[in-house]
Every structure is written in structure tokens, then in C-alpha cells.
Amino acid sequence: MELTELLLVVMLLLTARLDPCLPAPPACDPRLLNKMLRDSHVLHSRLSQCPDIYPLSTPVLLPAVDFSLGEWKTQKEQTKAQDVWGAVALLLDGVLAARGQLGPSCLSSLLGQLSGQVRLLLGALQGLLGTQLPPQGRTTTHKDPNAIFLSFQQLLRGKVRFLLLVAGPTLCAKQSQPTTAVPTNTSLFLTLRKLPNRTSGLLETNSSISARTTGSGLLKRLQGFRAKIPGLLNQTSRSLNQTPGHLSRTHGPLNGTHGLLPGLSLTALGAPDIPPGTSDMDALPPNLWPRYSPSPIHPPPGQYTLFSPLPTSPTPQNPLQPPPPDPSATANSTSPLLIAAHPHFQNLSQEE
């Protein structure tokens, strides 16, 4: 008996016993008959490859597989079932009897495989027909081993095939009648139908949570960025407003005025002489001091730079506007900014 056939028998038996919810027995599946027809043909073709085939010493009893179709149609379903059941059971007995007469050989191995196929057919018919009392049908005796394999093929193509095609649908319908008890597969099916809804709800919840989390974080970032925009604009405007004032506060020694008052000198303003090393800002009257708050970034007295760095104070500062020139003073045609930037112009101014 081959391993595949043994596994098929075990599968059929477990299916019929452990799962009572399956309505149709294995014999109702047409693939089973087709498989057995192919296997019987392959097994009979292997018989020609055995070198030691001899007639049996004792003839074996085999069922008569020939029948009349007209007579078969007139019989009842119960009679047909008993006839087929009896023929298969008698064939199994003949195969076992023929194998018992042989020792280990190629023919004995093939007869062992044939007995496995006959048992498989008998088990499938038992699941469909139940246990039947075999009637006293027609029998034949044979010594030729080839007749045993041919009897099985003719039985499958004849009586078994007509029984499954004609009476099979009616017998399978009786086996599939619903019972009052609710099968377990139904409850399992209902449970599985509910699972997609729960899964979709869970996915929707997770998506909404992630959307809310992402939306709130993005909103906070936008609000923070929006709050920073006015401050950046204010700083930019302050920097632009402070630029003229810083340009006008050029720290260059020009007649002691740092370029604030063009063409004026401390003598014309009535200020005392400034000793060397002192700051010119201290010598100016209070009404001429520049209107900006002192910053730690301004250089100490006596040290001058061309352009002072931009202040870092966040408070807005008014641009430095010089007071109008004194009409009594003579206006200098040279710009104090250019004089402070170029020492050559400073020398020319002093010479004048």
C-alpha cells in the first residue's frame, strides 16, 4: 500500500468522523472516482514489467463485473447498492487470497497495492451506503493474475460509476439534510463576519488619533512660527531705522565734534579748551549731546573707530538727528563723513 493512498484513507476517515458538519461523504466527490480510475490503470500497466508472472496454483473467486444496462435500470436503489457493495467486498477477498499464494515478488507487491485501492473504494461506499448485506450475486473463478486487475477496472467503470452517477445525487441529498442543532461552523462564520467591522473600527480610531496628534502638533508649530514673524519684522525695521543714526555717529576726530556738526568748532560754540586725552563728548553742552543711551559696546574715551557696531538692545532707538547749524558759523563744503573716513581730507581741513 502506497503512502499516498494511506494518507488519503486517513484523511477521509478523519473527515467523516471528526467533522460532523460536512454533509457530503467522500463518495459524493467525483474526483475520488477519477483518481481511482487513473491509479488502477497505472497499476495494471506495471504488471507487464514484472518478470515472474505465473498462473496461480489455486483459482480465486472474483465477482462478475459484466451487467446489462436495461436490467440495471429496472432494479431498485437498495438492490443496486447491495450489488455494488457485494462485488467490491468479494474482489477484496479474491485479491487477498491470490497474494497469500505468493512469496515476496513483484506480483505480490502489486497485489498489495491493489488491495489498498479496493479498501479505499469499500470505505467510500460504506460512508455513502452504510453497511450492506452482500447478496448472492454471480461470481467467476480465475487463475490468471491479470484478470484480477482487469476485474477492478471494469467494476469501477461499470457498476460503481453508474451507481454514483444515477443514485449518488439522491443518496448525497439524504446525507446533507440539516439538523436542529446549530453547527459550530455557523457560529465561527458569524464571528469571522464581525471581525472586519471591529478591525475597521480600530483602524479608524487609530487614524483619528494620529490625525489629531499630527494636526495639533502642526497647529502649534504654525502658531509659534506666526508669533515669531512680528518680532523678526520689528527687528528688521529697527535695524533699518538705526542705520542712518550709526552713519551719522562717525567717531572721527574732526574739530572735536565727531562729525556731528559740520564746519563748527568748540571755540565757536563757546566751549572751553579740551585738554588732550579727554573725551570730546564731555566738553559738549548738554543740549548738544547725541540722544542715545550709552552702551557697553561703545569704545572707551580716547579710542575711536570708523563705524560703531550695531547695538544689540531690543528696545527701539530713535535715529540720531543733528541740530540745525548755527547761521553765524561758516559752513564747510566738505562732508564730515568723508573727512572722518579719509585722513587725507582731515589734514587738508586742518591746514585750511
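Glycine residues also receive a Cβ, built from the backbone N, Cα and C atoms like all the rest.
Not measured: the values here are computed from a predicted model.
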Whichever of Cys21, Cys106 is disulfide-bonded to Cys50 when Swiss-Prot is consulted: Cys106
Residue from Asn206, Asn241 to which Swiss-Prot assigns N-linked glycosylation site: Asn206
Per Swiss-Prot, cysteine bonded by disulfide to Cys28 (from Cys21, Cys172): Cys172
Rounded Cα-Cα span from Cys50 (disulfide bond) to Cys172 (disulfide bond), Å: 41
Cβ packing number for Cys106 (disulfide bond), 10 Å threshold: 15
Among Cys28, Cys50 [disulfide-bonded residues], residue with fewest other Cβ within 10 Å: Cys50
Integer Cα-Cα distance in angstrom, Cys50 (disulfide bond) to Cys28 (disulfide bond): 35
Separation of alpha carbons, Cys106 (disulfide bond) and Cys28 (disulfide bond) (Å): 34
